[in-house]
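Below: one structure, written as C-alpha cells.
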Amino acid sequence: MSNPDEAATHNGDAGPSATAFTPPAYVENPTPALGFGVSSITRRWKREDLFNKGSLIARGFAFLLSLLSFIITASNKHGDWRNFDNYEEYRYLLAIAILSTLYTGIQALIHVNALWNVKQILNQRISAMVDFVGDQVMSYLLISSVSAAIPLTNRMREGQDNAFTDSSASAISMSFFAFLTLAISAIVSGYKLSTQSYI
C-alpha cells in the first residue's frame, strides 16, 4: 500500500513537506544588501565628524572675535567724553562680549575634549540640547548688543569722527562677526539635535 503523501507527490501535487520554508521579511528593519550598510554607516560617521569639526571651528572663530570685541571695547578710553563706560550701550556691548568669550571658550574646550577623548563629559543628547540652546541665546544676545551700540556710534560719527568712534565701530564689527559664526554653529547644533534618537 502506498503512502498518500508519496502519491500526491507522484501526481504532481506539492504536499506540505515539499513547500520551501521562507523566513518572514522584517518590514521595519530590512536586511541591507552586502556592502550597502557598511558604506552608509561610514558616510554617516564621516558626516558626523565633519559637523563636529565644523562646529569646533565656528566656536573657535566666535571665541577669537568675541575676545577681540571685549579687548577693543575695554581699551576704548581716550579721556573726557570719549570713554566707553560713560555710555550704557557700550557697557552692554562689553558685557555680552565677555559672556560670549566665556561661553565659546568653554564650548570649544568641551568639543576639543570630545574629539580627543572617547569619554564625553555630558550625555550626547544633553550635550546637543545645551549646544543648540546656548548657541541660540548667545547669538541673540550678541546681535542685540550690536543693534544697541550702532545708533549711538552713528550719531557720534556724524558730529565727529575720531579714534573713539573708530574703536567703537571695530568692536561692533567684531561682535557682529561673532554673531554670524555662532549662528552657523547654531544651525549645525540644530541639525545634530534633530538627528538624536529619543526612543
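Glycine is no exception: its Cβ is also placed from the backbone N, Cα and C atoms.
Counted with DSSP, the domain 'Casparian strip membrane protein' (52-180) comes out as 109 helix, 2 strand, 18 coil. According to TrEMBL, the feature domain 'Casparian strip membrane protein' maps to 52-180.
Residues or ranges marked as region 'Disordered' in TrEMBL: 1-22.
What TrEMBL records for 50-72 (among others) is transmembrane segment. Within its own chain, the transmembrane segment (50-72) has Cβ neighbours under 8 Å at 93-94, 97-98, 100-101, 104-105, 107-108, 111-112, 114-115, 131, 142, 167, 170-172, 174-175, 177-178, 181-182, 184-185, 188-189, 191-192, counting only residues six or more beyond its boundaries.
The transmembrane segment feature in TrEMBL is assigned to 92-116 (among others). Sequence-distant neighbours of the transmembrane segment (92-116) (same chain, 6+ residues past either end, Cβ-Cβ under 8 Å): 52-53, 55-56, 59-60, 62-63, 66-67, 69-70, 73-74, 84, 122, 127, 131, 134, 138, 141-142, 144-146, 148-149, 171-172, 174-175, 178, 182.
Annotation source TrEMBL lists transmembrane segment at 128-150 (among others). Residues 55, 66, 89-90, 92-93, 95-97, 99-100, 103-104, 107, 122, 168, 171-172, 175-176, 178-179, 182-183, 185-186, 189-190, 192-193, 196 of the same chain lie 6 or more positions beyond the ends of the transmembrane segment (128-150) yet place their CB under 8 Å from a CB of it.
According to TrEMBL, the feature transmembrane segment maps to 170-191 (among others). Tertiary proximity for the transmembrane segment (170-191) is limited to same-chain residues at least six positions away from its ends with a CB under 8 Å from its CB atoms, namely 51, 54-55, 58-59, 61-62, 65-66, 68-69, 72-73, 76, 90, 93, 96-97, 100, 104, 128, 131-132, 135-136, 138-139, 142-143, 145-146, 149-150, 153.
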